[in-house]
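Chemist: As annotated in TrEMBL:
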{"type": "BINDING", "residues": "L40, Q41, G42, R55, T100", "note": "substrate binding site"}
{"type": "BINDING", "residues": "C59, C63, C66", "note": "[4Fe-4S] cluster binding site"}
{"type": "BINDING", "residues": "F65, C66, D67, G102, S144, P145, K146", "note": "S-adenosyl-L-methionine binding site"}
{"type": "BINDING", "residues": "S68", "note": "Mg(2+) binding site"}
{"type": "COMPBIAS", "residues": "1-18", "note": "compositional bias 'Basic and acidic residues'"}
{"type": "DOMAIN", "residues": "46-268", "note": "domain 'Radical SAM core'"}
{"type": "REGION", "residues": "1-32", "note": "region 'Disordered'"}
{"type": "REGION", "residues": "142-168", "note": "region 'Disordered'"}
Amino acid sequence: MPVSDSVDRDGEGADARDGAGTPGERPDDGLPINELFYSLQGEGTLAGVPSVFVRTSGCNLRCWFCDSYHTSWEPTHAYMSLEEILAEIESHDADHVVLTGGEPLIHEESVALLEALDDRGYHTTVETNGTIDRDAPIDLASISPKLESSTPTPERAPDDADEADAERWAERHERDRIDLEALAGLVEDYEFQLKFVVTDGDDMPEILDLLVELRDVADVPIRDDDVLLMPEGATRERLAETRTRVADLAMEHGFRYTPRLHVDLWNDAPET
Ligand SMILES: C[S@@+](CC[C@H](N)C(=O)[O-])C[C@H]1O[C@@H](n2cnc3c(N)ncnc32)[C@H](O)[C@@H]1O
Ligand SMILES: Nc1nc2[nH]cc(C(=O)O)c2c(=O)[nH]1
Ligand code: SF4
Ligand SMILES: [Mg+2]
């Protein structure tokens with residue numbers, strides 16, 4: 001695909017790793033794009049829907065299990081102008097666009113993209129970690145708050161990550177991963193789903209506590225039906241270890257289970 005062929009594999013655009021801007025070839029209305037592809041929505045209430053995925057680079061968190069390593073731990077991307085992004089999206093025959101990352105809402109320019117997509121009649125889903133609330137035309141806020149089990153530690157870091165980098169990020173990730181005010185703003189302003197990455201039963205008390213807190217501060221109801229448990233696993237092999245356990249937990253607590261269809265179908269291939 002043309003987009004991914006032109007990404008900065010040497011990581012020169014590394015400023016995006018802190019969510020800050022990247023100097024150089026950045027167009028005024030552009031975004032650092034890691035990949036842009038057509039696939040089936042693999043997760044959540046819209047699983048199975050043909051969609052164009054726009055994956056921005058750069059994240060304000062560092063989940064040890066991040067399945068998009070080249071948008072967080074080692075960001076690689078090419079800047080694309082809004083016009084180029086829209087042309088690429090329109091070259092696919094789809095009504096749904098999924099804006100993801102990295103964390104797409106660290107970029108102010110994501111708002112202009114969402115506005116342009118709204119003008120053109122697209123249904124937009126934004127995949128977000130829930131730490132940033134922006135005012136934008138979003139049809140589905142797909143919020144995945146990060147649990148303690150996502151925090152990197154010396155024993156729990158991506159294989160390729162620099163040890164010092166992981167240590168440095170542990171504290172920041174732990175500090176920033178939950179922002180109740182941002183979460184409340186997102187659920188109040190948008191149609192939403194809360195999609196938790198779960199490994200085992202140890203994750204459940206934190207999810208239940210967070211729901212109590214969020215239900216307390218948010219002005220809208222949060223139904224058990226709005227809560228989805230998603231098995232941790234970037235590969236078929238790993239999902240085979242987690243998914244039945246997570247399905248059982250969903251049944252036990254009356255929450256939804258969401259598969260990771262794209263992993264079942266295409267494993268961890270890029271642009272799927
Ligand atoms: C790469 S993230 C990008 C959007 C945003 N930064 C977030 O975390 O929601 C896209 C989705 O993949 C999920 N995810 C990332 N790594 C995963 C893994 N190893 N297993 C299961 N889900 C994962 C995230 O929780 C999120 O729902
Ligand atoms: N097929 C497919 N569905 C997805 N839903 C959310 C994704 C993401 O990375 O945000 C994703 C993805 O990467 N691929
Ligand atoms: S918040 Fe999302 S993109 Fe960022 S490190 Fe975690 S899973 Fe990856
Ligand atoms: Mg993904």
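Yeah, the Cβs are placed from backbone N, Cα and C, and that goes for glycine too.
Nobody curates TrEMBL annotations by hand; they come from automatic prediction.
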Chemist: Measuring C-alpha to C-alpha, could you say which of the binding-site residues L40, R55, S144, K146 are within 10 Å of C63 ([4Fe-4S] cluster binding site)?
Modeler: K146
Chemist: Inside 10 Å of the Cβ of S68 (Mg(2+) binding site), count up the other Cβ atoms and send me the figure.
Modeler: 20
Chemist: Any same-chain residues 6+ apart from T100 (substrate binding site) with CB under 8 Å of its CB? Would you list them in sequence order, or say none?
Modeler: F53, V54, R55, T56, S68, V126, E127
Chemist: Between P145 (S-adenosyl-L-methionine binding site) and C59 ([4Fe-4S] cluster binding site), how many Å separate their Cα atoms?
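Modeler: The separation of the Cα atoms works out to 14 Å.
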Chemist: Max CA to CA distance in Å over the S-adenosyl-L-methionine-binding set F65, C66, D67, G102, S144, P145, K146?
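Modeler: Answer in Å: the longest Cα-Cα distance is 15.
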Chemist: In whole Å, note down how far the CA of C59 ([4Fe-4S] cluster binding site) lies from the CA of G42 (substrate binding site).
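Modeler: Taking the Cα atoms only, G42 (substrate binding site) lies 21 Å from C59 ([4Fe-4S] cluster binding site).
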Chemist: For C63 ([4Fe-4S] cluster binding site), what is the secondary structure state per DSSP, taken as helix, strand or coil?
Modeler: coil
Chemist: Does DSSP give Q41 (substrate binding site) helix, strand or coil?
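Modeler: Looking at the DSSP assignment, Q41 (substrate binding site) belongs to neither helix nor strand, so coil.
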Chemist: Could you put numbers on the helix, strand and coil content of the region 'Disordered' (142-168), residue by residue per DSSP?
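Modeler: Secondary-structure composition of the region 'Disordered' (142-168): 9 helix, 4 strand, 14 coil.
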Chemist: Express the distance between the Cα positions of F65 (S-adenosyl-L-methionine binding site) and L40 (substrate binding site) as a whole number of Å.
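Modeler: Counting only the Cα atoms, the answer is 22 Å.
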Chemist: What same-chain residues, at least 6 away in sequence, bring their CB to under 8 Å of the CB of S144 (S-adenosyl-L-methionine binding site)?
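Modeler: The answer is E127, T128, N129, G130, L194, K195, F196, V197, M230.
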Chemist: Rounded to the nearest angstrom, how far is the Cα of C59 ([4Fe-4S] cluster binding site) from the Cα of K146 (S-adenosyl-L-methionine binding site)?
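Modeler: K146 (S-adenosyl-L-methionine binding site) and C59 ([4Fe-4S] cluster binding site) have their Cα atoms 13 Å apart.
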Chemist: Q41 (substrate binding site) has how many other Cβ neighbours within 10 Å of its own Cβ?
Modeler: 21
